[in-house]
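> Below, the features straight out of Swiss-Prot:
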type: BINDING; residues: 47, 50, 86, 103; note: isopentenyl diphosphate binding site
type: BINDING; residues: 93, 97; note: Mg(2+) 1 binding site
type: BINDING; residues: 93, 97; note: Mg(2+) 2 binding site
type: BINDING; residues: 102, 190, 191, 229, 246, 255; note: dimethylallyl diphosphate binding site
């Protein structure tokens, strides 16, 4: 796996070099240096799970056959396209959320001399994806499907982000809107499609499959993405900041988090009043009251039960799939996220 990771990182260097010498634009030394630094700061710094899972998925769909160098390169290039998409979302997301840290370092727009140039950097990151696809996939029979896939998933993610942002609008904060179905909608569109479905869809296209024949796989992956986001919501409050690489602010930010939805479900009127009075306020005293209520309601125990039930349900869905290769792929995904701490 360490070897796969280093191979994957080598492909990043190749793609970055191609983008820094893209013939469609005449770079000056300053602009090339800016882009070089911007890419290194934002693209390769995460866990790389989404990108690496394209290679894993492709290998499993080929029944575990060893991939040749060309196949590894192409699967890696698609994996990096997803990492580029992720970088684009995060750079802009951090501006919108006025965040401070990301992956254990200051958000890009917080770096001296960057500021709002980060907005254009986000647009550039998004535009690098079709450049990479054109250079390496233009002759492939699935090229148009790849372009369609990335466009559709980006649309779904941006639309999920919209629901997330408008539910947290200043002056329109209304906890009574926060339900499990709203939470699921935000998660499905904002996270599940690009984090879970997209890597597998890329691998399916590479092995010549038609995505319309794999709606069941998409549904299982969206369920997995929902489970992943519930873990994220849980870790935002109960995870160790040094482990997760960021300081959680869901309570201050009035996020439609799984925790607040469950708290609303389980609270009596008095406890609901504590939530209504304190949720979405930046003062640490208000945040502490919400966290104390979460403890009072034993949300850690409620989460543990949710985690085991979700796991069982996902395993049952996966084992109902007719293809052993697809089962292996989905189980490997689930194995990576079950009981994760970061």
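Just so you know, glycine gets a Cβ as well, placed from its N, Cα and C.
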> Same chain, not part of 47, 50, 86, 103: whose C-beta falls within 8 angstroms of the C-beta centre of the isopentenyl diphosphate site? Give them in sequence order.
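Filtered neighbour residues, in order: 45, 46, 48, 49, 51, 83.
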> If you pair up every Cα among 102, 190, 191, 229, 246, 255, the residues annotated as binding dimethylallyl diphosphate, what's the maximum separation in angstrom, rounded to an integer?
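Across 102, 190, 191, 229, 246, 255, the two farthest Cα atoms sit 19 Å apart.
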> Same-chain residues six or more away whose CB lies under 8 A from the CB of residue 93 (Mg(2+) 1 binding site)?
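Looking at Cβ-Cβ distances below 8 Å from residue 93 (Mg(2+) 1 binding site), excluding near sequence neighbours, one finds 99, 161.
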> Among all chains shown, work out which of the binding-site residues 102, 246 has the most CB atoms within 10 A of its CB.
102
> If you count the C-beta atoms lying within 10 Å of each candidate's C-beta, which of the binding-site residues 47, 50, 103, 190 ends up with the smallest number?
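Among the binding-site residues 47, 50, 103, 190, the lowest count of other Cβ atoms within 10 Å belongs to 47.
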> Going by C-alpha distance, which of the binding-site residues 47, 50, 86, 97, 103 is nearest to residue 190 (dimethylallyl diphosphate binding site)?
86
> Which of these binding-site residues is closest to residue 47 (isopentenyl diphosphate binding site) if you go by CA atoms: 97, 191, 229, 246, 255?
246
> How big is the Cα-to-Cα gap, in Å, between residue 103 (isopentenyl diphosphate binding site) and residue 191 (dimethylallyl diphosphate binding site)?
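Between the Cα atoms of residue 103 (isopentenyl diphosphate binding site) and residue 191 (dimethylallyl diphosphate binding site), the distance comes to 17 Å.
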> Cα of residue 102 (dimethylallyl diphosphate binding site) to Cα of residue 50 (isopentenyl diphosphate binding site): how many Å, rounded?
17
> Restricting to the same chain and to sequence separations of six or more, state which residues have a Cβ under 8 Å from that of residue 86 (isopentenyl diphosphate binding site).
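Set apart from residue 86 (isopentenyl diphosphate binding site) by at least 6 residues yet with Cβ under 8 Å, we have 46, 50, 194, 195.
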> Fill in the CA-CA distance, residue 255 (dimethylallyl diphosphate binding site) to residue 97 (Mg(2+) 1 binding site), as an integer in Å.
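Cα-Cα, rounded: 11 Å.
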